[in-house]
Amino acid sequence: MTIATSPKSEKDLDFSFPEEDINRNEKKIDKIDEFNERETPWNSVWICIIMQFVVGCQVSIYFMSMWPYLQGLDPTANLDFLGWIVAACCIGQSIANPIFGFWNQRTLSVTQPIICGFILAGIGQFLFGIISVFPSNRRWWMMGARFLTGLGVGNIAVMRSYIATASVAKDRLRAVSFGTAGYVTGVMCGPAIQAVFTPIGENGFKLWIFEFNMYTIPAFLMVILSFVACAVTLTSFTVNYAGIMEDEDSNSSKIVPKYDLLPAIVCIYLFVSCCMIGTNIEVISTPVSTVMYDWKDSKSILLNGIFESLGCVVSLVGNVAIGYTRVGKIDKRLQILFGLSLFLLYHIFNYPWPFYSGPLHFLPPGENTTIDHGGCLPSYTWCNDTVRVPLPLYIFCFIFLYGFAFPFVGSPAGALFSEILGPIRQGWMQGMYSLGGSFAQFAAPILAT
């Protein structure tokens, strides 16, 4: 017969834990408590938001004026080559985004990559402004200038990473929304800034060997903005990563679990879609309105710039609503669906439906450029069968549908991406996020033209 033995006494039971584990857990709890008490350094975050506005302007300022500028410099250039010039900036940005992101990821440095980027962008913009001094190969000089600018504005990956990791959880949607608003507003204001200089005309005036006209003065303005940005970053920017949780060994993986990759990829895809649509609209708006409404180049740049400015105001209203009102509390997925629906409506309304009026008009006999007259070039045989989108509808879509769509896709997608990554170093992944947008801006003009 088996006799059950009595359990060990309390003295014999060992409930002790290694002192090392206890200390480690206490440190982890203390670290989490300290992390929850942090505040967002809004000073440096706002500087980054303004810097993103400058980057957006650098990227888009020539979208509407590049075609007539290229025609004036090299009459043999065609729309196919225009697509490659626009894409050159995006190729440079695509190369630089992950490099700047990796730089930030490894060193957590913010000021150095930002300053380096703006110096490169400033050199590229200066080269764009002095293309006329070169006696030949001007189209290639223009492509090189845009490529160099693209390398410089790749520093936006560092700005996005800093905003996402400097802001604490309760402020992150607002910070990321305003960061996205800064960039999107810059992208939309770029052509509007160009339009401001339209009254100077295509001839302008000359100082020594440099020409100052409606195409070159914006380039020199961007040079000034680039070096002002460097000075502000150097003198007024203080790095404070309030949103990163790491242990003593600068390792966040011991405290924060790894993020889910698939939702992060979906956010990148959404940003790619947003950038591709926006680039297409801005790049083709000048040549399309020239043939659709018989506007000459300067008029097309001016009017589309005005529409872009008004759309910029609408986008700003949308971003402020997301950042400061209850709109921002709506499920981010619903916000994104709303923005994508507006993009869809934009394209539906601007499709050449057979019940629109037409066909389009050709240039007067003997004219081969749209500098003095608007209309279709003689080689555009498709104009015989193409109808005209009603002008009021074109304006409404440009200002309101396009204006509201951007913030309701870009802002929540950026905020979701940051939240998915969590309170870790985000330089590399934010670089990949920016790379997606750059690739879209590279592919869109080539496919569109």
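Heads up, the Cβ atoms here are built off N, Cα and C, so glycines get one too.
Packing against the transmembrane segment (45-69) from elsewhere in the chain are residues 79, 82, 85-86, 89, 93, 114, 118, 121, 125, 128, 142, 146, 149-150, 152-153, 155-156, 159-160, 162-163, 166-167, 175, 178-191, 193-195, 202, 214-215, 218, 222, 225-226, 229, 232-233, 236-237, 279, 282-283, 285-287, 297-298, 300-301, 304-305, 308, 370-371, 441: each is 6 or more residues past its ends and has a CB under 8 Å from a CB in it. The transmembrane segment feature in TrEMBL is assigned to 45-69 (among others).
The transmembrane segment feature in TrEMBL is assigned to 81-103 (among others).
Residues annotated as transmembrane segment in TrEMBL: 115-134 (among others).
The feature transmembrane segment is assigned by TrEMBL to 140-163 (among others). Beyond the ends of the transmembrane segment (140-163), by six or more residues, the same chain brings 44-45, 48-49, 51-52, 55, 58-59, 62, 66, 69-70, 73, 84-86, 88-101, 103-105, 110, 113-114, 116-125, 127-128, 131, 134, 175-176, 179, 183, 226, 239, 241, 414, 425-427, 430-431, 433-435, 438 to within a C-beta distance below 8 angstroms of the stretch.
Look at TrEMBL and you will find 175-197 (among others) tagged as transmembrane segment.
Tertiary neighbourhood of the transmembrane segment (217-241): same-chain residues 41, 43-44, 47, 51, 54, 57-58, 61-62, 65, 108-111, 114-115, 118-119, 121-122, 125-126, 128-129, 152, 162, 165-166, 193-194, 197, 200, 204, selected by CB-CB distance under 8 Å and a gap of 6+ residues from either end. As annotated by TrEMBL, transmembrane segment applies to 217-241 (among others).
Annotation source TrEMBL lists transmembrane segment at 261-281 (among others).
TrEMBL lists 301-322 (among others) with the feature transmembrane segment.
Summarising the annotation, TrEMBL assigns transmembrane segment to 334-353 (among others). Sequence-distant contacts of the transmembrane segment (334-353), counting only residues of its own chain at least 6 positions beyond either end whose CB sits under 8 Å from a CB of the stretch, comprise 270, 273-274, 277, 281, 322, 327, 386-389, 393-394, 396-397, 401-402, 404-413.
The transmembrane segment annotation in TrEMBL covers 393-417 (among others).
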Stretch-level contact, the transmembrane segment (393-417) and the transmembrane segment (175-197), CB cutoff 8 A, at least 3 pairs: yes
Intrachain residues whose Cβ lies under 8 Å of the transmembrane segment (115-134), provided they are six or more past its termini: 54-55, 58, 62, 73, 96, 100, 141-142, 144-156, 158, 209-211, 216-217, 219-220, 222-223, 226-227, 229-230, 233-234
Tertiary contacts of the transmembrane segment (261-281), as residues 6+ beyond its ends and Cβ separation under 8 Å: 63, 86, 90, 187, 336, 339-340, 343, 346, 398, 402, 405-406, 409-410, 413-414, 416-417, 420-421, 429, 432-433, 436-441, 443-445, 447-448
